[in-house]
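Feature annotations, courtesy of TrEMBL:
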DOMAIN    328-515  domain 'Histidine kinase'
TRANSMEM  5-21  transmembrane segment
TRANSMEM  33-50  transmembrane segment
TRANSMEM  62-79  transmembrane segment
TRANSMEM  85-105  transmembrane segment
TRANSMEM  117-138  transmembrane segment
TRANSMEM  150-173  transmembrane segment
TRANSMEM  185-205  transmembrane segment
TRANSMEM  217-234  transmembrane segment
TRANSMEM  254-271  transmembrane segment
TRANSMEM  277-298  transmembrane segment
Amino acid sequence: MNRHFTFIWIFSFSLIIYILVESHEQYMKQPYYIVLFVGFFFLLIGKYTYVQKPTSIVVQRFLTLMCVSAIAMIFSIPSSRGIQVAQIVEALAVCLAPYVLLEFFKYFPSSTRPRAFHYVSSITRWTGIICFVIYTLGNVAVDEPSIKNIARLFIVLNIVLAAGTCLLLITFHLRSNSKKVKSDLFVLIVGLCLSFAPVTLLSLLPSVLFGFSFLSFYYTLISIIFFPLTLSYLLTKHGIANGRVIAKQIGKKIIPLCINLVICNAILLVVNHNLPFLSVNMFLIFSIAMYGIIRMYFIHQTDQPTNGWNNKQAYSIQEYEKWKLAMFLHDEILQGLIYILQRIQLGRNEENEKKIHDLLQSKIREVRNMCEYLYPVLVEDIGLENSLYELRNKIRMESNLDIKVYYDLGLRIIPLSLQVTFYRIIRELTYNAIKHAEATSIIISIWEEDDLLHISVEDDGKGFSIPTNTYETIKRQHFGLASIEKQLCMLGGRWDIYSDQQLGTRIFITIPFDEVEKYENKSIVSR
C-alpha cells in the first residue's frame, strides 16, 4: 500500500517537472510562477507528512489530496494555452478533487459522519466521472465549446458541493463538542473559507457564468495555500504529523538562503546585467528547496529510530511499550512465520509437513491476535464506532453468538487515546462474558446523556460473585476487571455491576465529559 502512495507522489512530481521544462521557453511569465510555487508547495507538504506516518489512513488521504490538487493547478498553465493533453489531465484532476476531498474528511477530524455524507461522496464521485467523460468528448471527439462549457459548470458546482459538505459536516461537529475541539473546528472552517472563497467567487464561478473573471485565476490561487497550511497545523495538533519540526528547520534556513541569493545575484549582475533575474531567482530558490527536501527525506529515513525515541516523551510510557511490542511482533516474528509457511507450501505435502503447516498457521493467528490485543491499531484507522462493529463481526464468526452494538454519540469527537481505552474496556468485558459466563447473547451500548458518557455491556450468561474492592478483585485473579477499575479511576468515572446466576451480568460505566475533555490533544499514537 505504501508503494502505491509513493508512486502517486513520484508520478505527480514527474508530471510537474515535465510541464516546467516543456513550458519554460514557450510561455512562462510571472503569474505562472505563482501557480508553480503553489503546486510544488502542495506536493512537498503532502510528501513530508506522508514520510512521517505512511501507514495512517488520514495521511494517505492527505497525500492523495495534495497530489491531485497540485496536478490540477500545474496543468492549468499549458491547458490555458490550448494544449489538448494538458486540458484532459487538468480536467481529470479537477473532476477527482471533490471526491478526494470528501474521502479525506471521512476520517478527519472524526470518522463518525452522518449517513447523508456517504451519499454526497457517491454523488461527487459519479458527477466527476460523468463530467470528465463529457468534457473529453467535447474536447476531443466533437470539439464543441458548448459541451465543454456545460461540463465546466458542473465541475465547478461539484467542487462547491464538496467544499460546502465539508463545511456543513464541521458545523454539525460544532454542536456537540468541547471548547478545545470547537476552536480546532473554527480554525478548519476559516482555513477552508480563506482557501476556496477567493478562487471560487472571484475567478471560477464568474468565468463560467459570465465569461470573465473579477480577478485573474493565477492571483486568486495564492489564497488556496491556506488549505494545506491549515490541515498541516491541525494534523500536527492532533499528533498525526509534526509540522513544528519543519517550521523550525525552514526558519533557521531563511537567512542563509537570502544571503546566498544576494551573493548569486551580485555575481550574475557583474557577469551579465541583461539576464532575466526573476526566472533565475525562481530557479535558484527551486533548486535549493529541492535539495533541502531530498536531504531532509534521507535524514528522516536514517534517523527514524532516534526520532521515535525522542518523541517518546509525547506518549504514555506504558502505551508506548505496548505499541512497540505490537509492532515488533508484527514486523519481525509474524513476517518470519509467514515466510516459513510460504516455503513449506512449495515443498511436498507429506504428513510431517502438514503438521508444521498447521502449527505455523496457528502461531501466525496467535501472534496476529496478540498484536491486536496489545495495541488495537484498527481504532486509529477507522475510529471507535467502526472498530466496535468489526469486533461484533469477528465475535459472530468465531463464536456464533448473538451480539449487538448500539453506538449513539452523535458527532461528538472523542480523543484518540480514550477511543483506544474505551475499546479495550469493551473488548475485555465482552470476552469475559464469552469465556467465563458462557453467554449466548451480548449487548454493547455506548451513548451520551446528561453530559455523561455511558457504556454498558450486558449478557445472559452465568453470573459471578462481585468483588467488593480492588484487592479482592486481584486476589480472585480478575486482572482484567482490576485493570478496568484502575483506568476508570484515572478517568474520574465509575461503574456498577449487577450479576445474577440466572439473569446474567450487566455492567454500566459512566464517565463525565468534563474528564474526557481533559484528554483533548493527548493522543497516544496518531491515526
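Every residue, even glycine, has its Cβ placed from backbone N, Cα and C.
In TrEMBL, annotation is done automatically, which means it is predicted and not curated.
Counted over residue pairs 6 or more apart, the CB atoms of the transmembrane segment (150-173) and the transmembrane segment (85-105) come under 8 Å in at least three pairs, which marks the two as touching. Of the Cβ pairs linking the transmembrane segment (217-234) with the transmembrane segment (85-105) and spaced 6 or more residues apart, fewer than 3 are under 8 Å, so the two regions do not touch. Here the listed stretches are 62-79, 85-105, 185-205, and the one with the most C-beta pairs under 8 angstroms to the transmembrane segment (117-138) is 85-105.
When pLDDT is averaged over the domain 'Histidine kinase' (328-515), the result is 77.
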